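Scroll down for the structure; my scribbles are underneath it.
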Amino acid sequence: MARDFPLERVRNIGIAAHIDAGKTTTTERILFYSGVVHKIGEVHDGAAVTDWMAQERERGITITAAAISTSWQDHRINIIDTPGHVDFTIEVERSMRVLDGVIAVFCAVGGVQPQSETVWRQADRYSVPRMVFVNKMDRTGADFLKVHGQIKDRLKANAVPIQLPIGAEGDLSGIIDLVGNKAYIYKNDLGTDIEEAEIPAEMADEAAEWRATLMETIAETDEALIEKFLETGELSTEELKKGIREGVLKHGLVPMLCGSAFKNKGVQLVLDAVIDYLPAPVDVPPIQGVLPDGKEAVRPSDDKAPFSALAFKVMADPYGKLTFVRMYSGILEKGSYVLNSTKGEKERISRLVVLKADDREEVDALRAGDLGAVLGLKNTTTGDTLCTQDDPIVLETLFIPEPVISVAVEPKTKGDMEKLSKALVSLAEEDPTFRVNTDSETGQTVIAGMGELHLEILVDRMLREFKVEANIGAPQVSYRETIRGSAGGEGKFSRQTGGKGQYGHVVIEMEPGEPGSGFEFVNKIVGGIVPKEYIKPAEQGMRETCESGVIAGYPLIDVRCTLVHGSYHDVDSSEMAFKIAGSMAFKDGVKKCNPVLLEPMMKVEVEVPEDFLGSIIGDLSSRRGQVEGQGVEDGTSKISAKVPLAEMFGYATELRSMTQGRGIFSMEFDNYAEVPRNVAEAIISKNQGN
């Protein structure tokens, strides 16, 4: 079966922004104007197509990245609508990894918000070309050029307006296209009757000024264009389009558009710009990966290249497990067998589907550049590579942040125990930032995630989708342990109880590892003083002790253990004896290496009316917070601070009462930092049951 659209006419794009900028509404309008839906769905009505989970429709926020296919002007556009809430950062992260271009949506009133900066950084991490849509131009206080200034100052982006609004707030009547040097006037509420017109006389000077700025910016990218611009002071529409496209693809330029998705103004022009300026799969660098021999390789976006794809999302579904894939090269056919090269396992492709939110269309094949979903994969999880068995490759995977908050969870009735464990396994498969552990001492099941809302929604899903009622404990901070010094450690396990005894003996050197390295084991045993078969058990003993911690029972991170010496007994030594000896040596070493406790620090942004500034700063300081910046804009004070997560539980309620309900805040994980000695002592003492 041939392709519906040539690769040059495919666009894989994401719609991303902070909460309430209007991402989902923008996506809904795109689907309406491109004919996928025939009725406009509103987020606040709970009718949005891309918000297909019950919780999304109730809360009016997007939680999971819904993937939808549509077409516009003979181009295939695959769209991913991403969540704006920081607790769902993994959803944004995984969509950025598989996209070729992004529409960043900003609110014309709120401008650049803390979460916008997070999303922008994620797009930077994966070098995703982008354009900006300044939405909500119909709202009171809307200011397109103020947002332009904020994007340049805060995001350090070369943002260039290619449109201007005609009117603003309640008087938004149309849009000036600076590239084509004309105006579009909206004649009806649905935004389907649009008149192409001359630029209104009262805006002619402003439009000419911004068009000159646009031409100058484009001319600077090309010597031939500079000469023409200096001679004639003019560039053609085609030259401008070509220059903008090249600037976007090289990450040197971010075109800015404007409108109001809710009032149906400007959305068709956004679709035109997606086709004109955002890349096709063939325009972005080929995906990189590693071959079985360790050499780096690339896979070009081409149906004729060997098949390779990345699983970027796994979802439980009434019909079985859905694995979303981004096709990078080759063709994937229904009924074929492929290799999961990340895990080294064979998988069968039972069915292939293309999604339109919760509607789906079965297809016989997916091709290079496609976004689709596979049914029937047994062992594939987020970030795994699928490829042909004859030409294996492992593609670059996703950046997955560590969870920072945990709660104990137990079923309300004994009979729900099995249902609870099934639900937790299923949810953890879908979401790599959601972890499930069993506390070895208490036997409690502990779930960990990126924030209170994240865990709240997962518990809610257990009830709705898996019919499991659960009791939830109070949120707990996910502390970590580490070492600051270096020392030796020794563990000797010797037991004689009649008959065969037990004997294992290891000596290690311990030192801090690189940040982010976790636990690192180095074997420097020579001459067989510790036989080969006992080295792995010794390492296992160290690794398990590392996971359960030494000073307060929290995982130990960034430590390197080098096995340097030891001894064994011909008869009495066993794998278990060396595992215990490894654990003993590890504990001995940690105690001599100045162990410390680490806690998650959160980047907190608070916005309050000016009158409350002093009390908010005082409150943050009392929470062991460090204020890193503050400013006032239009009577609103903005404070940015770093505060330990342990001090932030219940902050939303506190902030409401301190500001009479007029303060808002956002919070995201920043880094792990050492806990002050007096606080650490209290935590250690509590955990040791003193």
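Glycine too: its Cβ is placed from the backbone N, Cα and C atoms.
Positions annotated as GTP binding site by Swiss-Prot: 17-24, 81-85, 135-138. Its Cβ placed at the centre, ASP20 (GTP binding site) has 17 other Cβ atoms within 10 Å.
If you look up Swiss-Prot, you'll see 8-282 marked as domain 'tr-type G'.
Non-local contacts of MET137 (GTP binding site) by the CB criterion (under 8 A, 6+ apart in sequence, same chain) comprise ALA108, PHE144, PRO165, ALA168, GLU169, LEU172, CYS258, GLY259, SER260, LYS265, GLY266. Other Cβ atoms within 10 Å of the Cβ of ALA17 (GTP binding site) number 29 in total over all chains. Secondary structure from DSSP puts ALA17 (GTP binding site) in a beta strand. Taken as a whole, the domain 'tr-type G' (8-282) shows an average pLDDT of 82 in this prediction. Mapped onto three states, the DSSP output places MET137 (GTP binding site) in coil.
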